[in-house]
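> Mind looking over this structure? Questions follow.
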Amino acid sequence: MMILVSITSQSGFFEYVAVSLARAVQGRPIPLLIVISSLTAFGSAFLNNVTTVLLIVPIIFTLTSLLKLPAVPFLLTIVMASNIGGTATLIGDPPNLMIGQAVEHLTFNDFLIHLSPVVIIIFAVVMFGLVILYKKQLVVSKEDQAKLLALDPTTYIKDKKLLIKSVSVLTMTTLAFVFQPLIQVDLTSIAMVGALLLMLITHEEQDMEEVFRSVEWVTLFFFVGLFMLVGGLKEVGIIDEIAKSIIYYTEGDLPKTAMFILWGSGILSGFVDNIPFVAAMIPVILEFQEFGMSNLDPLWWALALGACLGGNATIIGATANVIVAGIAVKNKHSFSYWEFLKVGFPIAIVSFIISTVYLYIRYLYQFM
């Protein structure tokens, strides 16, 4: 996806979208923050959050440069929005996809029906808080607004031929992501085919060396190291022992087990990437049937909510976080671990509280 985004960016597409969005809200920063965050959340639900942030971040850099605004509030907000929005569907976040693959009766519509209501509530509450938090930082002068409104978005298109090719391939790749459950092709394979196809049809129009230089290699190797570390913990039994202790602690009580999974997976996913953690938890939850639990669906929703929303807690909690942080450093708009934690951790806790109320009202009250 980094290659797809890099080639597409050379056409001027993201600048065109950025200027068009800014003009649509008259250059007002708060409505712009809400619009771009809503777009991110929606895109994360029906693509996936990693793909969405790769598409949105270049737009943010263009917008903040035009309006002379700090980029960090926008970057942190779209990261939170991507993790929240991605929680709503089967394909929105890797943990959901893993759960869907492991539990055959859970379909795309099941995730949408059971998770999207609470996701909408959480998104609204979080956006309200972030608008209050960043309101004083996001101020645009009348002069800069006037300059923006005078711009013609079409002047930012650098190569119309490249634009048509890149947007066409990007659209086809995006549609393949959406229909992945039907075509039964791995998401990684879809992205690779899209990147190879775009490189093949545009190799005469841009520098391939420049394209590969734009790939966030540091971010990729970070994940290699992270998965090796967590894989090692799993091999020596530490993660499995933590998961199995849930069975002992909850004594087979469904509401207590659901809350333990929600909060436990949420907190741990903030400090250990949620993908390997969910991989360790799935077989443990499947084993709960041996302890007399016939309806495991509330536990799957608890795991999905905890793992996905817990990704907002820290900068390493979710793949999208690390990718945005890496791109931000490269573009000289970096934010620290502590700066992310101050915003993300309270948002994660609020999300868990709302999820707790939702799970009890919709699924667990009858078992109390």
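Each residue, glycine too, has its Cβ placed from N, Cα and C.
Okay, so TrEMBL annotates it like this:
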{"type": "DOMAIN", "residues": "1-306", "note": "domain 'Citrate transporter-like'"}
{"type": "TRANSMEM", "residues": "32-57", "note": "transmembrane segment"}
{"type": "TRANSMEM", "residues": "69-91", "note": "transmembrane segment"}
{"type": "TRANSMEM", "residues": "111-134", "note": "transmembrane segment"}
{"type": "TRANSMEM", "residues": "162-179", "note": "transmembrane segment"}
{"type": "TRANSMEM", "residues": "214-233", "note": "transmembrane segment"}
{"type": "TRANSMEM", "residues": "260-286", "note": "transmembrane segment"}
{"type": "TRANSMEM", "residues": "298-328", "note": "transmembrane segment"}
{"type": "TRANSMEM", "residues": "340-361", "note": "transmembrane segment"}
> Under a Cβ pair cut-off of under 8 Å, which of the recorded stretches 32-57, 111-134, 260-286, 298-328 contacts the transmembrane segment (162-179) most often?
32-57
> Looking at the transmembrane segment (32-57) and the transmembrane segment (298-328), are there 3+ C-beta pairs under 8 A, with each pair at least 6 apart in sequence?
yes
> Averaged across the domain 'Citrate transporter-like' (1-306), what pLDDT does the model get? Just tell me the whole number, please.
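A mean pLDDT of 81 is what the predicted model shows over the domain 'Citrate transporter-like' (1-306).
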